[in-house]
Amino acid sequence: MAGLVKLSCLVLACMIVAGPIATNAALSCGTVSGNLAACIGYLTQNGPLPRGCCTGVTNLNNMARTTPDRQQACRCLVGAANSFPTLNAARAAGLPKACGVNIPYKISKSTNCNSVR
């Protein structure tokens with residue numbers, strides 16, 4: 001029993017130490033969602049394009065500098081797109097351009113994020 005407790009403590013300690021290292025390898029979906037929260041009305045209710053939305057798009061683009069970060073951001077965007085049944089696909093695909101940002105893939109529910117470089 002004591003060995004099991006020690007093993008559990010060791011595993012927990014490794015998770016605590018390695019967790020932040022693994023998290024820094026790519027953007028989190030929380031970061032992606034947080035940066036794009038101001039875009040929801042524009043993308044789902046045909047509202048106006050808020051300045052805060054474009055600020056978030058620009059920030060996200062600036063954070064996604066490596067291939068793993070861009071692929072992770074893409075996966076988060078695809079997941080978010082699939083969670084909104086009222087998503088305007090044309091507005092989602094055109095969002096980066098509307099904000100003056102160039103990203104290397106189209107935002108859609110079916111983007112193959114493994115091909116993003």
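Placement of Cβ uses the backbone N, Cα and C atoms for every residue, glycine included.
If you check Swiss-Prot, you get these features:
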SIGNAL    1-25  signal peptide
DISULFID  CYS29-CYS76  disulfide bond
DISULFID  CYS39-CYS53  disulfide bond
DISULFID  CYS54-CYS99  disulfide bond
DISULFID  CYS74-CYS113  disulfide bond
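Structural mapping of features recorded in Swiss-Prot.
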{"residue": "CYS29", "record": "disulfide bond", "DSSP (3 states)": "helix"}
{"residue": "CYS39", "record": "disulfide bond", "DSSP (3 states)": "helix"}
{"residue": "CYS53", "record": "disulfide bond", "DSSP (3 states)": "helix"}
{"residue": "CYS74", "record": "disulfide bond", "DSSP (3 states)": "helix"}
{"residue": "CYS99", "record": "disulfide bond", "DSSP (3 states)": "coil"}
{"residue": "CYS113", "record": "disulfide bond", "DSSP (3 states)": "helix"}
Packing count at CYS99 (disulfide bond) (other Cβ atoms within 10 Å of its Cβ): 19
Nearest of the disulfide-bonded residues (CYS39, CYS53, CYS74) to CYS29 (disulfide bond), judged by Cα-Cα distance: CYS74
By Cα-Cα distance, the member of disulfide-bonded residues CYS39, CYS53, CYS74, CYS76 nearest CYS99 (disulfide bond): CYS53
Spatially closest candidate among CYS53, CYS54, CYS113, the listed disulfide-bonded residues, to CYS76 (disulfide bond) (Cα to Cα): CYS113
Among CYS39, CYS53, CYS54, CYS76, CYS113 [disulfide-bonded residues], residue with fewest other Cβ within 10 Å: CYS113
Disulfide-bonded residues compared (CYS29, CYS74) - highest count of Cβ atoms within 10 Å: CYS74
